[in-house]
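**Student:** Pulled these features from Swiss-Prot for this protein:
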BINDING   Gly20, Pro21, Pro22, Gly23, Val24, Gly25, Lys26, Thr27  ATP binding site
Amino acid sequence: MLKEILLGNAEKGIITQIYGPPGVGKTNICIINSINAVNSGKVIYIDTEGGLSIERIKQIASNNYKIVLENMIIYNAFDFYEQDKIIQKELPLITNNASLIVVDNITSLYRLELSDEANKNIMLNKMLGNQVKTLLKLAKTNNLAVIITNQVRETVNGFEASGGRLLEYWSKCIVRLEKLNGDRLAILEKHLHAGEERVKFRIVERGIEIID
């Protein structure tokens, strides 16, 4: 199950959450899944951090990069309210022929809006929850895959995903990424039909290489 996600076959009909510190490979996994998904439909990619590199898509897709880019709809969201508009208003209109939706990163703009104002934070939490519910509805209605990436926050024992129980509840598959002596470790923390799995991998020019 975990290897399938890393190599571009995220499960349809559910939300897969991938979280970890910066530079651990979240966007690479999203790109690999996008390249694979264009074989069965459009890919809708919402980039909230400017991390999606066309050059990286060309590297991984190689000779097929033009076909990949022609079948990707890329949104750049610059604030949390724009992200909300894209997910709530625009996605439902264009997902009929889609095979994958990516939101990379779903919490970065949300965290920028958080403040000391309790009422504002309650509103932001509600907006985030409604976004994720909409994504799940689209996944189920259109039988497509949804991948959301997430930031981390430090805890006493290391780090945990941002967004708390809200994102944990709606994500039926959760993958944690860690750096491991120059390589990477992926941990399947949650899945409806699978127990915990661990896979070592490294990021290479053509994508990801699984380490046996």
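From the backbone N, Cα and C atoms, a Cβ is placed for every residue, glycine too.
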**Student:** Suppose the ATP site is Gly20, Pro21, Pro22, Gly23, Val24, Gly25, Lys26, Thr27. Which further residues of the same chain have a Cβ inside 8 angstroms of that site's Cβ centroid?
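**Tutor:** So the extra residues in range turn out to be Leu177.
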**Student:** In sequence order, which same-chain residues at least six apart have a C-beta under 8 angstroms from Lys26 (ATP binding site)?
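**Tutor:** Result: Ile18, Tyr19, Gly20, Asp104, Asn105, Thr149, Leu177.
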**Student:** Among all the protein chains here, how many other CB atoms are within 10 A of the CB of Pro21 (ATP binding site)?
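**Tutor:** Pro21 (ATP binding site): 13 neighbouring Cβ atoms within 10 Å.
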**Student:** On a count of neighbouring CB atoms within 10 A, which of the binding-site residues Gly20, Pro22, Gly23, Gly25 is highest?
**Tutor:** Gly20
**Student:** Mind giving me a neighbour count for Thr27 (ATP binding site)? Other Cβ atoms within 10 Å of its Cβ, every protein chain shown.
**Tutor:** 21
**Student:** Could you say whether, by DSSP, Thr27 (ATP binding site) belongs to a helix, a strand or a coil region?
**Tutor:** helix
**Student:** In sequence order, what residues of the same chain, 6+ apart, have a Cβ less than 8 Å from the Cβ of Val24 (ATP binding site)?
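**Tutor:** Expected: Leu177, Glu178, Lys179, Arg184.
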**Student:** According to DSSP, does Gly20 (ATP binding site) fall in a helix, a strand, or coil?
**Tutor:** coil
